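Beneath this line is the structure, given in structure tokens, with notes to follow.
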Amino acid sequence: MFCASSSALLPPHIAVRNLTSRREHLSKEGTVTLGLFGNGSLRVPSQCTFWQSNRLSTSTGSQVGHDISVRTALEEPLIMTDIEEEIENLGIFKVDPDLREYKDHFAYRWKRYVEQKALIEKHEEGLEEFSKGYLKFGFNREEDGIVYREWAPAAQEAQLIGDFNGWDGSKHQMEKISLEIPAWIRYATVDPNRFAAPYDGVYWDPPPTERYVFKHPQPPKPESLRIYEAHVGMSGQEPRVSTYREFADNVLPRIKSNNYNTIQLMAIMEHSYYASFGYHVTNFFAASSRSGSPEDLKYLIDKAHGLGLRVLMDVVHSHASNNVTDGLNGFDVGQSAQESYFHPGERGRHKLWDSRLFNYGNWEVLRFLLSNLRYWLEEFRFDGFRFDGVTSMLYHHHGINMGFSGNYAEYFSFDTDVDAVLYLMLANDLVHQLLPDVTVVAEDVSGMPALCRPVFEGGIGFDYRLAMAVPDRWIDLLKNRNDSDWSMNEIVWSLTNRRYTEKCVAYAESHDQAIVGDKTVAFLLMDKEMYTGMSDLEPASPVIDRGIALQKMIHFITMALGGEGYLNFMGNEFGHPEWIDFPREGNKWSYDKCRRQWNLVDTDHLRYKYMNAFDRAMNLLDENFSFLSSTKQIVSSASEEDKVIVFERGDLVFEVSFVIFLE
């Protein structure tokens, strides 16, 4: 555990060296020393107090490394060749000439991006070296022992306490003491028998015989993306938290059988509040210990690769948990922006999410986040990411109370958070360098132009964005209109309203549409009759017949017309009933709605099998004809009178008729 006081400045990096300990916890016999490291944005005081073993000592320190921050990018003279010509010829202007009206905005952010990369090249030997922070910070084994480093510029004194010293930090009499897990910790655990217990950081370094060894190569990038969105913890049938190995052994075969080619794993980064769905991250480099060890997660990913399935991770760099004791927020003790992971004051807090907002203009924050991406790619062999909360990152208003109309002025103005845009450009630049076959998806509801164009064109560099307006349209139709009032033209517009040359992942429902207070599409259609009317041993009621047919049609037309990729949330392929509700005080900590009832689709006399078979056939159709990846998309008819939509996609012609539901 790391302890710090904030009344003055400590060197920007803290290192603790244990020369004898091996794994999990630092041994009691280990000799612990503290050293000073550079690369911070603050100057080291001439007298530095540090802790060594069981005694205090004082040493004279001097500044090492560089004294640099992102804000110096525009102050330091850099040699820029033909920068104006580069801006004039940015590829985004060729793709969309209307963007030239906002050339000044793109020129500013392109210059910032080029200058930022040049600074990283000068001071950190390039983006790839810069992103290796996880090999330096936190706990790392080096030739002569285990070294611990931390960026904590606002601290005056520091302690590392653990079982190696009997958890005794009393010899440091500090004011305003805060206790935190190291920011770069790679494993964190909690006492399951204590309510709301804080997490403890664990040094994870198993011996070679216990480390998982990858056996399978990463599958190549598919022509089209068919994503199975999954949450490991709620993936089992029993009312409890499921494990990585259970998911690998029990759920992966189902995903493969239904012809998906990509898995998107939610809630991998450690989060102390289970009901946050993994979006209030406390430990960014730690795989959630609820479902097992880091080696167990590697087993899951490797087994997926062996089945030909790629694995994306839900990465949350849009905000961080408010937790002080076991989260990054504990490193914020009221210091200035350049000394903190987060913005100060209201700018550093998301008023709807009750979480902290990163300061993307900070050098060490960039190192932390970029290294985080590299860590998950290299250590666990993820095949890419789905970036959560991108809309919140792109704008100072975070998209709150904003209804984006498509007017370009909404995207390129003083409301745009250019620091965040630059981070996302650097992030996409990095991951595409590290893994050319990487897939990166943005969760953005605003529809910002050039979000999914390559960085070298002046875009932000994502491969896909989620078509978030599509599920909203279906929910609106299902809740507020009779079938006879559905407009074929409105449906077509919602499914085709996306930017040319910027790929979208379409979906009728994800985890968002099924959380407590809402229902799955199948349950909206059939509701309580799903409890009594799904047996194939009796004739189906009109509600069940209509519900199953519409569930199939909604998902199929969404896939065929809605984007260049498709996503389905775990269980919805067979019309999983009810909703999702994580254990919480309001439901008496029940897991009943936080699981998947696989028995429903496995029971042969229940009608869930028909929806599952249709889902399998949908994916197989794309596997055989690659219509999702085709740029050919022509809607030839959207008849309000006949309630029929006819369109071409690739080499196929689709006819979708809603007329039977007028009876």
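Backbone N, Cα and C atoms are what each Cβ position is placed from, and that goes for glycine too.
Note that this is a predicted model, so its numbers are computed, not measured.
Taken from TrEMBL as is:
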ACT_SITE  Asp388  active site, nucleophile
ACT_SITE  Glu443  active site, proton donor
DOMAIN    247-607  domain 'Glycosyl hydrolase family 13 catalytic'
Could you tally the C-beta atoms, other than its own, that fall within 10 angstroms of the C-beta of the residue listed as 'active site, nucleophile'? 22
Round to a whole number and give the Cα-to-Cα distance in Å for the pair the residue listed as 'active site, nucleophile' and the residue listed as 'active site, proton donor'. 5
What's the number of neighbouring CB atoms sitting within 10 A of the CB on the residue listed as 'active site, proton donor'? 21
Return the average pLDDT for the domain 'Glycosyl hydrolase family 13 catalytic' (247-607) as a whole number. 95
